[in-house]
Amino acid sequence: MTYAADQLDMSKSGVESRRWNFFNWYYFSLGLARLAAVTIVVYIQDNVSWGWGLGIPTIAMAVAFMVFLSGSPLYKKVKPGGSPLVRVIQVIVAAIRKRKAVAPEDPSLLYQNQELDAAISVHGRLLHTTQFKWLDKAAVEKHGEATASSTPNLWKLATVHRVEELKSFLRLLPVWAAGILLVTANSHSGSFNTQQARTMDRRLSNSFQIPPASMSFFGIMTVIIGLVLYERLFVPFVRRFTRNSAGITYLQRMGIGLLFNILFSVVAALVEKKRRTVAENHNLVDNPKATVPISVFWLVPQLSLHGMSEVFMAVGQLEFLYDQSPESMRSIALGLFWIASSVGDYLGTLMVSLIHEYTGHKNNWLPDRNLNIGKLDYYYWLVTGIQAINFVYFVICAWCYTYKPLEEVMEEDSV
């Protein structure tokens, strides 16, 4: 994703001049791929063979690889500017070495070297900020540490830009962490939705039933349609009031996504309560293989709300991580998106394991073989509570967050 974004002008003026958002369309293309996976591929796996079900994605990947290679001569290749992790460690070491030094009140007296930072500040230099002031000591220049004819020892002296790289990265971590509990709350919803669908009436006709795994179609379609409506209707409408070229800020978009996800878990709890009540009324509680006489389309509202959460939260988080990370650390920052997904999945598995352990064998909320005797709705209410706490945490982080001051420098340099 970072490499794809590098092919475009992602400066403030470049983004504002376009009538489309790269991250929206990137996620839109992912939605199309997921749609094909849960419809065409799932149908082939269920009705033809697993050989073809696995073979078709393999062929698709081979074609994608050839298409990617064919465009190689056209790609814009950014020259590497050294390891950002090494620079981070250098700043920390330099700050520790100068822990007794006194940073000047005037930030212009801190060490700056545009030539040294040229490879890592192609789109502009980071301006000095007042947060994490103890790191400024790394840029305090002592006598003889820097000369015009030689590069300073970067383990003893760092430029303001390099210090601000670390500050920018530290600032975005609390906001990023809010995505972990979001994934935790959603980590098993797909599996539970499939289990619910398997017990419900899935007939579209006398000869065709919707495969349980294909119910995610509705969530994915919501993402695809929602992204188009977001860009073509929502942004132009909101822009009239906010005067923001993107309609709303990254943090506002993420916050709306978190609210949609809370609504998703509330509706999921209510629908599961309804499904189980119907099973009880028809004496099907002890018959896990029986079809509960309730339409599988009762699951559509919660799947659609989950899709709207992705439109706002997932894409908003990608935008936030890309834009607010230092330009030389964008691959690492976007890697955090997938790290949050991984950590959230592990925490979700831990939560389900604890539910199994503490709700007991007879009153297990999430029984393995018979969903009708469980309390899946209790699980969704627990998830709702976790997300409500996470939303409060996010609002506090968003309120305290300071956007990196880079754009002003870029505009000056381009004049």
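Quick reminder: no glycine exception, Cβ is built from N, Cα and C everywhere.
TrEMBL entries are annotated by machine, without manual review.
These come from TrEMBL:
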TRANSMEM  25-44  transmembrane segment
TRANSMEM  50-69  transmembrane segment
TRANSMEM  208-230  transmembrane segment
TRANSMEM  250-271  transmembrane segment
TRANSMEM  336-358  transmembrane segment
TRANSMEM  378-401  transmembrane segment
Message: Applying the under-8 angstroms CB criterion, which one of 50-69, 208-230, 250-271, 336-358 scores highest with the transmembrane segment (25-44)?
response: 208-230
- prompt: In the same chain, which residue numbers or ranges, 6 or more beyond the ends of the transmembrane segment (336-358), come under 8 angstroms Cβ to Cβ?
  reply: 176-177, 179-188, 317-318, 321, 364-366, 379, 382
Field: Surrounding residues of the transmembrane segment (250-271) on its own chain - C-beta under 8 Å, 6+ positions past either end
entry: 175, 178, 182, 185-186, 189, 298-299, 301-302, 305-306, 308-317, 319-320, 323-324, 377-378, 380-381, 383-384, 387-388, 390-391, 394-395, 398, 401
